[in-house]
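Engineer: Please see the structure below; I have some questions.
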Protein chains: 2
Amino acid sequence: MPITATAVRLSTASSTFEADFKARLHWSAAADAAIEQRVADILLDVQHRGDAAVLEYTQRFDALNAVTLAELELTQAELKAAFEAIPAVQREALQAAAARVRSYHEAQKKACGESWSYVDADGTLLGQKVTPLDRVGIYVPGGKAAYPSSVLMNAIPAHVAGVGEIIMVVPTPKGEKNALVLAAAYVAGVTRAFTVGGAQAVAALAYGTQTIPKVDKITGPGNAYVAAAKRRVFGTVGIDMIAGPSEILVLADGSTPPDWVAMDLFSQAEHDELAQSILLCPDLAYIELVQQSINRLLPDMPRREIIAKSLNGRGALIHTRDMDEACAISNAIAPEHLEVSSRDPQRWEPLLKHAGAIFLGAYTSESLGDYCAGPNHVLPTSGTARFSSPLGVYDFQKRSSLIEVSEAGAQTLGLIAAELAYGEGLQAHARAAELRLATVPPMRMNP
Amino acid sequence: MPITATAVRLSTASSTFEADFKARLHWSAAADAAIEQRVADILLDVQHRGDAAVLEYTQRFDALNAVTLAELELTQAELKAAFEAIPAVQREALQAAAARVRSYHEAQKKACGESWSYVDADGTLLGQKVTPLDRVGIYVPGGKAAYPSSVLMNAIPAHVAGVGEIIMVVPTPKGEKNALVLAAAYVAGVTRAFTVGGAQAVAALAYGTQTIPKVDKITGPGNAYVAAAKRRVFGTVGIDMIAGPSEILVLADGSTPPDWVAMDLFSQAEHDELAQSILLCPDLAYIELVQQSINRLLPDMPRREIIAKSLNGRGALIHTRDMDEACAISNAIAPEHLEVSSRDPQRWEPLLKHAGAIFLGAYTSESLGDYCAGPNHVLPTSGTARFSSPLGVYDFQKRSSLIEVSEAGAQTLGLIAAELAYGEGLQAHARAAELRLATVPPMRMNP
């Protein structure tokens, strides 16, 4: 039987559209109590036993027979050798991608990562100082989802932010190392790297062990154990978002070659069966052309089975009344990737409020953004673009408020602060302000 | 017996300093399994039963006898009436503080909250669009720790960011409303307010109920139940940090009147017994003067018992070799509040890497910053200033990457992306890039 992908067809004109679509969109990262308990145990064990615990779990889960954790460190020489061993065309592609990602993130730092201050009328200085994190950990998945591009996307913004040390962890089940991942670590300037993974790697980075240094923040995607571990260590260290399945939403006005759009839907669907690809289009005939492209192109795709499962299970081709309605639906979804495949993308862009990344125009395939356009490919999933942002330089910086009150400023501010502090019943707060007044009033003894 | 506060005296010259100090600093938010389970149950219940569940918990925990949740909404008229009923001097202080907080956060938005873009050499547009969150929830504690200033500090940055709706929740045990909190909500421009609290309020904001609208992010401090609930809904909505006990670190060179420094230590200690006040100073005679000020000033403070417990239990007066060493210790602690009580604060400021807020010079008491200097008083605690920032406009905005690749850009970027995508075994990604090339090569069939 030939493989087919028939993404469900919906129409916003249908009376059941909202319910049908809601059912299609539904995804929830139901917490698995068994995973939670297992992860809690691993975290506690690594916290108490350090290296020994990490080593045991790595032996057990990844079948590595190291005697010490130090053996699991990848040296700079090994990273460099990996880089030199890959084909020249891959080396050049990695370097070109890294250069573009770097320059985008440098622009980002310039736009929003600089310290600032001002002096107000009474001579008080107010501002904010922006400083890099000292040390961060990046988690790189091993096995089938080991993406060298993710190494670049996590490490380069950290570098641009000015982070002192970037510690990479990557599981290597049965000792199988991914040469491109090691090469990417070399290109991105990873400081140290260890072949450990899972909750034990997250624990090692969060608490530190004899061999693996404690970091200030952990970024990067991972499986359910890694996600649970990151959630649990949040607060001890910073974390980036907890990623759900990847999604693409294509808003099409019918002007892009249908094969291009079909392939863009595939490029999301090929990630895994839970990935979601949705087309929104006011032109019914065009939707039919995209379905024909899907039918024609699918059989040749090496990952056709995953693509078919994803499109059949979670895809949708949606006929909308017009492009305005398509934009409104997109805002309700807040997709990770949003392609505006229109001859006039700048017309629709201002209507789009919530999305991880917005790809404008027919030539901007999502895959160009995934690898080398420059912006980060670590993006908020599952509607979290309503409140979160792409991974960026700002994730590797933090801010400190700066306040230097002048003697004159202390006179006016002191009266305001004292009034409010007394109102809250915090007399020491009030008194600290009043002691700086030229004439110190008696302390109020209100309750 | 007279009340006394003798903060432990340490010296960096002592061979046991590191261990002694580490023991003093230690604080950990040990997860309480019973609280965790209770909170998980409440969240699930509110998710399923909505209003009815929130109402039941509010009746049970806060002894409110409302029949519908709608009765627990505070109307704008009620907020306005509260504002008009408080003394004029409090009204003016609230408004003056709000105006200063607003102008600081407007400067912050200007410095780092604007969209940007650029066009690269081959005509590709790259940028980032900054947009406000649609709707946020702010949690305001009730009872003894109900601080109107916190209403300003949470709501005003949201307003400045351009958030459409600000929903406040505040528990009112036994129906007791804090007039200043209501007045502050009026001044800050809160959109809607409900007298509910605890995990049930967090659940209502995260999932939405028939009466309380679902928000995109929840900010604001709360007790252990609130903190556990926020941690659990993280991902469904955004949250700000999980706050630990408040801390102040004073670096003193001996030039500030000792009474001022003593009162600054008190103003932290009076929050609660777990609050931490630490003085670092290279001048032993000055440390002695501060202890004398503590002894003399303490008996008159209304909250002297809390202050004494905090200083005796968690305070420290530390003799350092010099100011440089004091700065280094401060960086290791990454304090929430950092006062540089020096005649030359700008000399030390560049050495200070990690702190929530830095208060420079003798006139800048922490309490001025708490109420009205302008910067936010919601700050990272317990060393989390290593990786997180004061609450700010950026917490109420999110970013979307913008990419518009030109036809020319698609030619160069397409080759790079395809190479890397094939390297990762993601052929549809490669193909989506290659289909945009002027000459489309055959698909590579590598595994």
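Cβ coordinates come from backbone N, Cα and C, glycine included.
For reference, TrEMBL lists these features for the protein:
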BINDING   B:Y139, B:Q200, B:N223  NAD(+) binding site
BINDING   B:S246, B:Q268, B:H271, B:H337, B:D370, B:E424, B:H429  substrate binding site
BINDING   B:Q268, B:H271, B:D370, B:H429  Zn(2+) binding site
ACT_SITE  B:E336  active site, proton acceptor
ACT_SITE  B:H337  active site, proton acceptor
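Situate these features within the shown structure.
Structural biologist: Sequence-distant neighbours of B:N223 (NAD(+) binding site) (same chain, six or more apart, CB under 8 Å from its CB) are B:P141, B:G198, listed in sequence order.
Counting every protein chain shown, the Cβ of B:E424 (substrate binding site) has 21 other Cβ atoms within 10 Å. B:E424 (substrate binding site) falls outside any helix or strand according to DSSP and counts as coil.
Listed in sequence order, the residues of the same chain lying 6 or more apart from B:H429 (substrate binding site) and placing their CB within less than 8 Å of its CB are B:A417, B:A421.
The Cβ neighbour count for B:E336 (active site, proton acceptor), using a 10 Å radius over every protein chain in view, is 29.
The secondary structure of B:H337 (substrate binding site), as reduced to three states from DSSP, is extended strand. Around B:H337 (substrate binding site), the same-chain residues six or more apart in sequence whose CB sits under 8 Å from its CB are B:S246, B:E247, B:I248, B:L249, B:Q268, B:A355, B:G356, B:A357, B:F359, B:E366, B:G369, B:L379, listed in sequence order.
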Engineer: Given the binding-site residues B:H337, B:D370, B:E424, which pass a C-beta cutoff of under 8 Å against chain A? Sequence order please.
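Structural biologist: Listed binding-site residues passing the 8 Å Cβ cut to A: B:D370, B:E424.
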Engineer: Other than B:Y139, B:Q200, B:N223 themselves, what residues in this chain have Cβ atoms within 8 Å of the centroid of the NAD(+) site's Cβ atoms?
Structural biologist: B:P141, B:V169, B:P171, B:G197, B:G198, B:A199, B:A201, B:V202, B:G222, B:Y225, B:V226, B:A229
Engineer: From the recorded positions B:E336, B:D370, B:E424, pick the residue whose C-alpha lies nearest to the C-alpha of B:Y139 (NAD(+) binding site).
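Structural biologist: Out of the listed candidates, the nearest Cα belongs to B:D370.
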Engineer: Return the residue, from the listed binding-site residues B:Q200, B:Q268, with the maximum count of other C-beta atoms within 10 angstroms of its C-beta.
Structural biologist: B:Q268
Engineer: Fewest neighbouring Cβ atoms within 10 Å: which of the binding-site residues B:H271, B:D370?
Structural biologist: B:H271
Engineer: Quick check: of the recorded positions listed here (B:H271, B:E336, B:D370, B:E424), which one has the Cα closest to that of B:Q200 (NAD(+) binding site)?
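Structural biologist: Nearest candidate: B:H271.
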Engineer: Let me know how many other Cβ atoms fall within 10 Å of the Cβ of B:Y139 (NAD(+) binding site).
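Structural biologist: Cβ-Cβ neighbours of B:Y139 (NAD(+) binding site) within 10 Å number 26.
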